[in-house]
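Right, one structure below, let's go through it.
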Amino acid sequence: MERGPVVGAGLGAGARIWALLGCLVKVLLWVASALLYFGSEQAARLLGSPCLRRLYHAWLAAVVIFGPLLQFHVNPRTIFASHGNFFNIKFVNSAWGWTCTFLGGFVLLVVFLATRRVAVTARHLSRLVVGAAVWRGAGRAFLLIEDLTGSCFEPLPQGLLLHELPDRRSCLAAGHQWRGYTVSSHTFLLTFCCLLMAEEAAVFAKYLAHGLPAGAPLRLVFLLNVLLLGLWNFLLLCTVIYFHQYTHKVVGAAVGTFAWYLTYGSWYHQPWSPGSPGHGLFPRPHSSRKHN
């Protein structure tokens, strides 16, 4: 006779717990959505400012030129000083792959949602193909420079013994070391990726200003690109502090900046190019004429 009320009370308590959990989940989702919208709006405003983008270029130059001075004020035994650290292996060595994956998704969504045209979307995505060609070409050029300026050495307890072997392949096949002028490919790639991502992500401010579809998935992809851009800046700073010789880093960053200028600063403004970020996506305002 007394079990009915006990069971009913238990069911009522369980229902209240599930109702509270449901309310908690709704509140958390609302907070996450609000943070997503607020963060994407603020990040788009910052990246969309031409003045801040010019300052960002100055920041990258300062990091490469003056960053190595920080090696005298940091712990040389930190995890970031090791070539085998997690970030160096998983991110820096695959920086272009990460950039293409995140930035490609962002460009795809922004261009297609703005135009609904596959041809225009493919044209804008072709900038990443050009970037990949630049990266591959620069890597081969750096190896060629090292081959042309290098010599073959054999490490000995007393020092280094110079061998007159003609090229890197024969030197390495003999078990020796080839040493030449090595342009920092990591500094080049991180600098190029930073400039490229900042240029592409700046379009989002104009995209939002035109009231185009900007749901949570697009905003999340945008913020992931912003976080990746921040990571590249941090890893670039670590690279110039802990690795490579000074001139190798400066030359690598200079080549990366020059590659950005040739593409985003010059060629992409021509009609026979993939087009600059945002080109053809937004309607131009029509000038109103007054008739007398």
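From the backbone N, Cα and C atoms, a Cβ is placed for every residue, glycine too.
TrEMBL labels come from automatic prediction, so no person has curated them.
For reference, TrEMBL has these:
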- His186: active site (ACT_SITE)
- His244: active site (ACT_SITE)
- His248: site 'Important for catalytic activity' (SITE)
- 17-38: transmembrane segment (TRANSMEM)
- 58-75: transmembrane segment (TRANSMEM)
- 95-114: transmembrane segment (TRANSMEM)
- 188-208: transmembrane segment (TRANSMEM)
- 220-243: transmembrane segment (TRANSMEM)
- 250-268: transmembrane segment (TRANSMEM)
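Positions of TrEMBL features highlighted on the structure.
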residue: His186; record: active site; Cβ within 10 Å: 21
residue: His244; record: active site; Cβ within 10 Å: 19
residue: His248; record: site 'Important for catalytic activity'; Cβ within 10 Å: 19
To the nearest whole angstrom, what is the C-alpha distance linking His244 (active site) and His186 (active site)? 9
List, by number or range, the same-chain residues at least 6 past the transmembrane segment (188-208) whose CB is under 8 A from its CB atoms? 40-41, 43-45, 47-49, 53, 56-57, 60, 64, 92, 95-96, 99, 103, 106-107, 110, 114, 127, 131, 134-135, 138, 142, 214, 222, 225-226, 228-229, 232-233, 235-236, 239, 252-253, 255-257, 259-260, 264, 277-278, 281-282
Beyond the flanks of the transmembrane segment (58-75) by 6 or more, those residues with Cβ under 8 Å of it: 81, 187, 191, 194-195, 233, 236-237, 240-242, 246, 249-250, 253, 257
Distance check, please: Cα of His186 (active site) against Cα of His248 (site 'Important for catalytic activity'), rounded to an integer number of angstrom. 10
